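Record features (TrEMBL):
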type: BINDING; residues: 7-9, 23, 42-47, 50, 74, 112-116, 143; note: substrate binding site
type: BINDING; residues: 7, 9, 167, 168; note: Mg(2+) binding site
type: ACT_SITE; residues: 7; note: active site, nucleophile
type: ACT_SITE; residues: 9; note: active site, proton donor/acceptor
Ligand code: B16
Ligand code: MG
């Protein structure tokens, strides 16, 4: 494989906890208690679809202008949480693995649903390692649609079959398969069973034929 495409949240960093805190505050405002189990279902899902889901769980409907202002306020809260993050937020083994790929001359890309992805890479100090970034500002179709990963391969100037994706969410695994790429799930085997291989984290991951 020549190209390695990484999802952000849950693969490189654990920003899910900040998304959760922000959504929890918003949900409390309309009297809904968002639990960690709810949050699991929001991983890898874009901002607006996440808010639709939360409103559905709360059996609430909102006029469009209120919907948009809640989405905006959620993002303001999230930005406050990530304002001071640093490289200590990188998940175990990530920094070493990215350096290994670089030293072997492999290409590295990001394929994330987050519109704040570039900021997170910058704050955690790994932005310069990326040859291409595809984030939520650049795609029209959410995972499991393969658009985000196909765009990343295109920017790396590599055919999909030469790309390997790392994903923590089932929708992301599906998107990578639909793109015709090898996919390595990062997390639990039973959740990511559609992946070609599943690893708990990067601490003991060795690059063979992946
Ligand atoms: P934003 P990923 C996803 O990132 C998160 O997992 C998800 O919880 C979040 O709602 C989504 O990004 C959008 O993020 O509000 O920052 O645009 O896993 O695709 O890297
Ligand atoms: Mg993710």
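Here the Cβ of each residue, glycine as well, is placed from N, Cα and C on the backbone.
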Show which residues of the chain containing residue 9 (Mg(2+) binding site), separated from it by at least 6 in sequence, have their CB under 8 Å from its CB.
15, 16, 19, 43, 44, 112, 114, 168
Just the binding-site residues from 44, 112, 115 whose C-beta lies under 6 Å from any atom of ligand 2, please, or none if there are none.
44
Do you know offhand how many angstrom separate residue 115 (substrate binding site) and residue 167 (Mg(2+) binding site) by C-alpha?
17
Would you pick out, from the binding-site residues 47, 115, the residue whose Cβ has the largest number of other Cβ atoms within 10 Å?
47
Return the members of 44, 112, 115, 168 (the binding-site residues) with CB less than 6 angstroms from at least one atom of ligand 1, or none.
44, 112, 115
State which of the following binding-site residues has the fewest other Cβ atoms within 10 Å around its Cβ: 7, 168.
168
Quick check: of the binding-site residues listed here (7, 23, 47), which one has the Cα closest to that of residue 167 (Mg(2+) binding site)?
7
Three-state secondary structure, residue 47 (substrate binding site) (per DSSP):
helix
